[in-house]
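Chemist: Grabbed the feature section from TrEMBL, which reads as follows:
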| type | residues | note |
| --- | --- | --- |
| REGION | 1-33 | region 'Disordered' |
| COMPBIAS | 1-10 | compositional bias 'Polar residues' |
| COMPBIAS | 23-33 | compositional bias 'Polar residues' |
| TRANSMEM | 104-130 | transmembrane segment |
| REPEAT | 178-221 | repeat 'NHL' |
| REPEAT | 277-321 | repeat 'NHL' |
| REPEAT | 381-424 | repeat 'NHL' |
| DOMAIN | 458-884 | domain 'Carboxylesterase type B' |
Amino acid sequence: MTKYQSTKVTHVSRFSKRRQKPRSLSQVTPTQDDINNRNDQLIKYVNRNTTRTISIDLYSLSRQQTTLTNHLTPNDFSLTVDDRKISSKKRKRKRNELFSWRKICCSLPCTISLATFSALALATIAVGIYTAIIGQTRTSVVANTTTSTVTSTTTVTTTSTTTTVITFCWNSTGKTVAGITLSPGLTPHQLSLPFGVKVDSSNTIYIADRYNNRVQKWLMDAPNGTTAAGQSNGATGIGLNYLMEPANIEVAPNGDIYVVERLNNRVVKWTSDASNGTLIAGTGAVNDQFNEPHGIASDWSSGTIYVSDYANHRVVQYLLSNTTSGKVVAGGNGAGTAINQLYFPVGIYFDSSSNSLFIANIGSHTIVRWVIGASNWTLVVGVTGSAGITSTQLNSPGDVTFDWMGNMYVADVNNDRIQFFQAGQSNGTTIAGVTLVPGSNSNLLSDLYAFANESVGSPIVSTTSGQFSGFTIRQTNVWIGIPYAAPPIGILRWQKAQPYVITDINNSTIQNATHYSPSCPQIERVGITSGLFDEDCLYLNIWAPRTSPSNSSRGYPVMLWIHGGGLQEGSSTQIIYDGLSWTNAAIQENNSFIIVSINYRLNVMGFFVQSALTDANGQAIANQGITDQRMAMKWIQDNIGQFGGDKNSITLAGQSGGSYSVCIHIVSPLSAGLFHAGIMESGSCDIPFYMYDKQFAYSVTNDLASRVGCNMTNSTQQLTCLRNINSTQLITTMRNVSIPLSTSLIFKDQLKVIQVYPFNFIVDGVEIPTHPLQLFLTGTFNRVPTLLGVTHDEFVLRVIYEEYVYPPNSTEDYLTRILPIMTYNQSEIEALYNPNLFNGNYSKAFVALMSQGAFICGARRMAGYMANQPTYLYTYNHAPESFWLSLPSLIICPVSA
């Protein structure tokens, strides 16, 4: 019998960080009528966390003269909170709405402090209802010569005869003004991953409806939006009548819309009621190229736009009178935290009075100011390279904007909040959201598990990691984000996975297992692997039948899913890995089983070796990600019975990098007995290309160390230095390390075709005793039933996106560069992949060569090694229409030259 019980409980979520975050902010210039007549203002932010366009209804701000004779209110402005959510294809869906937060009119200072506000907010959340509207106050004194800031009390200091007191108050809740909470879709009243938002002078909202590949125009209080750019049906492509993942927008005074397209790497102008756009920037010319552009700002008085070129770490200026060439005006010196560098700039704001750009520098956790024409930035708020939750710190700020008084608003993405900074001040106040508390209700800027709104119960389970409450959804109980290993931070960075230890505070507390954990650090690719990344990432998710197993059985069989991503990226939070549909379908077929998915360390954080990094026996510590997976297997052995599972019926399953991992556990004696069957989807571990020896690994580590300022000769000092380097800097820098000169010529040749990840499997003699090929050939592996296979055209997406390979650009290039290298100059093999056999299409020949050589043949070899045990081989030849028809550009092979 299972040990969990179903009950309604109230408790505090265990996570201090969440994946969906506020992102972008936008400003609207006030009209005189706004200033004279309006008594409230609207800050709108898009909460991508919940996949709804979140409309945050702002509050009115009262400007009060000490003589109490004049009362003025500011203009309307908008704040777009764009959450880095995941791709609808690969991760859970989001809150899909525009949310509005209203600022309460405060003619007298509020008496509730920020601490009181937070405590009361949490208390009311716990009982599921708000019993009062609670405000928080910031008061400043504005004189005609000086400005001073006072506390939230009523004490005011004046420095001249004319003193203006400005009191700021905000509601603790917001309301949805566009989209439907947790319901992405293509209908006029739905949104899918809203990203950027702008509001014009008539209070019309423009929303970058990212995964619907369109811009929606939404009149205030209207039930539906209309498509202002792109196709209303979500169709995408490279033609000027399409958009491809619009990231942000700018609305000109004449109503023209300037749209930044992340995947098309361009800026396009759409006029009112136009059926297609006009290319403004991103033609592909030498001085007109982008790499994932995100933000846009404007100076309409001079006809200038500024575009944040995210992956090129720069901001580019374009004169609308001549957009054939852009000019780098900020950054452009590589990724980094030096004063002449930017680090993944996202949101930008142009201040005409100082001719400056204010830049949300997401990688360095700061807002910086860069004067046009200057060679470096000055810090505005945040601590360079250091994320945090204090009033002076930020964590991955996604956007920035200002009001007419010079006060600044920052979408503090990974802290789940909007921060307010009075003019000239570096201490912020949270005005929307609750720091590090995500959610989908009206006071939070993040969402729960994607299907939380369907829950009808809260099953509680006791584990070696503590007690956790989850969801009951249809026929399945779900727990999201249970820790299975100690956080690999501080001295535990790069150590083998260690058991999780319950802290005193969690010993008797029922914790919420309702939010996904952060993903392990990796290169962020928006829409694919985007969101909150943190080294504290070793968590798992469980989907189990809500009905206890019969008394006659030992429990339900269990599948442990290991996500893909080439050991470089990926996360258990991706929506395509959600286990709910699998378990419910299996229950309907009377074949119930339990699914467990995990995060594990990746890239330089998870496949790293250094000469001072050894265990108690003096053996090298490496392949940390493999030790994470094994620790999860041990956790399942100890706990799965509590969920109704059979610890003697564990199947390891994985795709791509997850498949490689399953293969490693099959050959590793350390994993023997922890699993009983394997499923390998698109990946084997018998090829030499991604299996490095220790000398190779030591070399790339030393090269990395020299690039981040840790090039000391003492290995212990070097290791200490590397542990003090921010993980974001390590991951960004690892892409530039040099391959050792001693590497074989065959390996170096393959670098001309395939991208190499320098931090990958290491034959360390412990986790991987010797090369897996040798172990398979000698029959030295764990003999378990195995299902393995591939898809027919594995490489088609890699060719189109050029993410893992350098594909041919002509028939000649294919015949002279690709074919000799990838066939090892074997003429009989070359003949099988000549373009003449593929109707002259060199791209089809290349896809066939790489798919069969790297995947299909590998699966057949693996099946051969294991032929003396139950082994099953498959090949997928059909692409699901529901996926491919939504992305028609992906199934069009490149045209041959």
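Cβ atoms are placed via backbone N, Cα and C, with glycine included.
Remember, it's a predicted structure, so these values are computed and weren't measured experimentally.
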Chemist: For a three-state summary based on DSSP, what are the helix, strand and coil counts in the repeat 'NHL' (277-321)?
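Modeler: Counting residues per DSSP class in the repeat 'NHL' (277-321), I get 3 helix, 23 strand, 19 coil.
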Chemist: Using DSSP, what's the helix, strand and coil tally for the repeat 'NHL' (381-424)?
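Modeler: Residue counts in helix, strand and coil order: 3 helix, 20 strand, 21 coil.
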Chemist: Could you please provide the mean pLDDT value for the repeat 'NHL' (381-424)?
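Modeler: Summarising the repeat 'NHL' (381-424) by its mean pLDDT gives 88.
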Chemist: How does the repeat 'NHL' (178-221) divide up by DSSP, counting helix, then strand, then coil residues?
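Modeler: Helix, strand, coil within the repeat 'NHL' (178-221): 3 helix, 18 strand, 23 coil.
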